[in-house]
Amino acid sequence: MLELKHIKKEYRSKKGGNTLAVNDISLVFENTGMTFLLGKSGSGKSTLLNIIGGLDRYDSGEITILGKSSSNFTKEDFDSYRNTYVGFIFQEFHVLEDYTVYENIILALQLQKKEVDHQKIQSLLSKLELSELKDRKINELSGGQKQRVAIARALIKDPKIILADEPTGNLDSKTSRQVLDLLKQISKEKLVIIVSHDEESAQEYADRIIEIRDGAVIRDTKEITEVPQISEKFQLIRSKLPTKESFRLGVGSLKHKKIRLCATIFLTACALFFLGMSDTMASFQMAKAHAKLMVENEKNLVSIQHIDPSSTSWYSINLPWQQKDIDAVKDQIPEFISSYRISLDQTELQYTSLGINQPTNSMEDNYYTVGAYTQMQVVPLPENQTWIKENVIGHLPQNEDEIVISNYVSSIIQKYGIQPYTENELDLTDVYYPANDQELVEKGLYINFNGIKKVKIVGVIQYDLSKYEAIKKTIDKTTYLLYSDLSSEVKATYNRIYVAEDFFQYLNIPDTPMVNMNYIYDLSLEDGTGLYANINYSNKPLTYFDGTNYQTIDKLNDHQILLSPEDIAMLYSDNSYEAALEEYLSKQPEDADLEAMEKSYFEHFVSQYRQLIGEKVRFCVKGMNDKNLTEEKELEIIGVVPLDKQNGRIYTYVSEQNVEQFKTYPIERNELLFHCSDQKELQQLFTEFAPGGEYQATTVYSSDLVNMNEFFNLAKKVAFYISLVFAVFALILITNFIFSSIAYRKKEIGILRALGARGMDVFKIFMWEGFFLALISGILASIGTGVVCAVLNPMIINTIGIGLTPLMFGIRQIGLIFVIVFVITIIASLLPIRKISKMKPIDAILKR
Ligand code: ADP
Ligand code: MG
């Protein structure tokens, strides 16, 4: 049945000195009987036995078992070979300490995938006098008892061969005899090979004695040449460690190294937590949240703004809408509510107070101090605005001097009063306090529109302000949300003063185009000195001084520039021309002709810098963030324009062409305004006209959402990198943890392997361990992320003051956490698994 041919095994030690442990041994074994391998310590007996049992590899030669040569055996075949045909008994017993007697025994059966036959086990147990000890843990047994368990375990598999390496080495002589008697009995049916150095027992028990010295056979009492045949066919049983057992062993090893386990789980959970947070923040969909917020709060006013692409995110500059811009967006937006909203670039129209008395800024007055009275915007009444028509006390503006305000502004007037119009600004008439909106309208009071014109409040629009009642008294945490909500509604809606179209003619604002002061014009000279100037062009002919004479020019060409005396003063001295002029004039006698003095002062000043005329300056237009908006170009200085202050500004003149794109009119169309209350449509709008684009859809929520989104964009990156760092440590710790468990479980691995468990079975044990690590970390991280999101959400909402759920932690994130943790664990298991698969069973069992 079993034959060894020319088996050789050499141990190569790292220090050199090789040991030839088995030196060309050829042996034929009978199918039954008790064979003793005798020899001094170190002669190679154990090595030979381990090779026979497939626990150790040999260098050359061949083993034949049931007529099958082992020369083509894979590692796994050797495992299965042990599983099927070999039962091992060791000097050190090598039974699983954590298992009971019974469990140790049936494990061998289970590995063979055989049904557990309780009857058979029972009879085996009684035969070995173990019945009483069946449920005892191994560590409660004596050496002799342990060895009997080992024998029972070897026998239950019903192997063809029993291999025993000094089975009595750790037993007293009485127990030794029992064990040997037992083995002798077994040898009637099986081949029993016993390694021993006890010549006496060998003489007593052996059917055959083979003596070994220096790895070679020096005596064989029953040399056999013919290989005894056996009818059975060679058929290997692949082992299969039951899931329950691999689970038990895997999870069992988690109990050890508790601190390291906790640290590993903690770091892994941290990595996953930050990943979860990162993804939660990344999945914040601004457009979707925005649309939802609008619909939930019944807001529907959307304005699309044309934004200077060079604007930075913290400072955006609105560009005028030209026909091409309208064409570019009009297909994608619902119909405008009327025409374009007209917002006035004139300071006096944008910041009107209507003569309302200043509310004091005390905390109790927060309801009245959100700024409506200081930043009201004058807007022509939209056409077809039925809602306004139906909700106005009084009537809509029809005449040029009529205005309509909101009930919010009216409430401020009622509380703080309003100054009636008077011809003489110094004549402070009694302040009027209307009792209600109705009274204010009926009074037909003329008020002062920013010192320009008298206007009359003819209507008060009734917005629903009931929800803000709570903050009329005080502001605290609970009303803070309401306060910021009110504040944004005021800015968007309640601060509008509706007027008839001809109101602007009535105001008599000059219709000369102005240069949009959001732009800076950078002039620099050849010598590098430069300045920022207010550039404009003129529709009318300009008179200038060229250092010698006055000239008049109809239109500047694109290469010409006319400086202001202030420009020159700024370039060549730090003193203001205007200030110097005023000082000069103030020193003149009372009766002097100031106009003539000013003229001569100007001529004298310019002639000092006559050499500048004809010089070139570099000119370019910059955005607020100093980004060039136009190419730098050279302009020739043709002269200096006498000081002429328009709207308090001193201008430097260039051609119309050079300021074309930047000119604005006093009444500028700078946003498209429309209603939209469909969530889907809104979301599409916010996606299409997202922040950062040239056309941006904005609502009362925009700035808060953009801020939050920017914060999330940054935070998600930070969280992601933190999670990467943690992941690296987690990976190292998991690898280390599994390695340490392998070391801890090494003996068990060896025992299982000796029983016939495959590398795959052992791998399963650690798979469970990794699985549990991953599972616990994943659960902890999911709970952690969920809790942190739940805590952060109200905090974020409180800070920005809009009601939405910014951090939506859900299935997606949990899924991601688990996918990643299992990927990490699998990667972390790669090295340990490699180690397991390389480990020889004998090395494991001896914990080498
Ligand atoms: P025995 O069981 O007869 O005492 P062994 O088979 O254990 O002898 O050892 C035979 C020889 O091989 C000895 O010289 C021993 O030192 C050497 N040897 C055994 N195992 C190893 C090993 N893993 N590495 C190096 N040398 C070994
Ligand atoms: Mg030995």
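These residue numbers are counts, starting from 1, taken along the chain as shown.
The backbone N, Cα and C atoms fix where each Cβ goes, and this holds for glycine too.
Quantities reported herein were computed from a predicted structural model and do not represent experimental measurements.
Per TrEMBL, domain 'ABC transporter' is recorded for 2-239.
Nonlocal intrachain contacts for the transmembrane segment (718-744), taken as residues 6+ away from its ends with a CB within less than 8 angstroms of a stretch CB, comprise 253-254, 256-257, 260-261, 263-264, 267-268, 270-275, 277-278, 281, 766, 769-770, 773, 777, 820, 824-825, 827-829, 831-832, 835-836. According to TrEMBL, the feature transmembrane segment maps to 718-744 (among others).
The feature transmembrane segment is assigned by TrEMBL to 765-793 (among others). Long-range contacts of the transmembrane segment (765-793) within the same chain, counting only residues at least 6 positions beyond its ends with a Cβ under 8 Å from a Cβ of the stretch, are 241, 246-247, 249-251, 253-254, 261, 264-265, 268-273, 275-277, 280, 730, 734, 737-738, 741-742, 745, 749, 805-809, 813-814, 817-818, 821-822, 824-826, 828-829, 832-833, 836.
Same-chain neighbours of the transmembrane segment (813-833): 268, 271-272, 275-276, 279-280, 283, 727, 730-732, 734-735, 738-739, 742, 763, 766-767, 770-771, 773-774, 777-778, 781-782, 785, counting only residues six or more beyond its ends whose CB sits under 8 Å from a CB of the stretch. Here TrEMBL flags 813-833 (among others) as transmembrane segment.
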Take the domain 'ABC transporter' (2-239) and average the pLDDT across it for me.
92
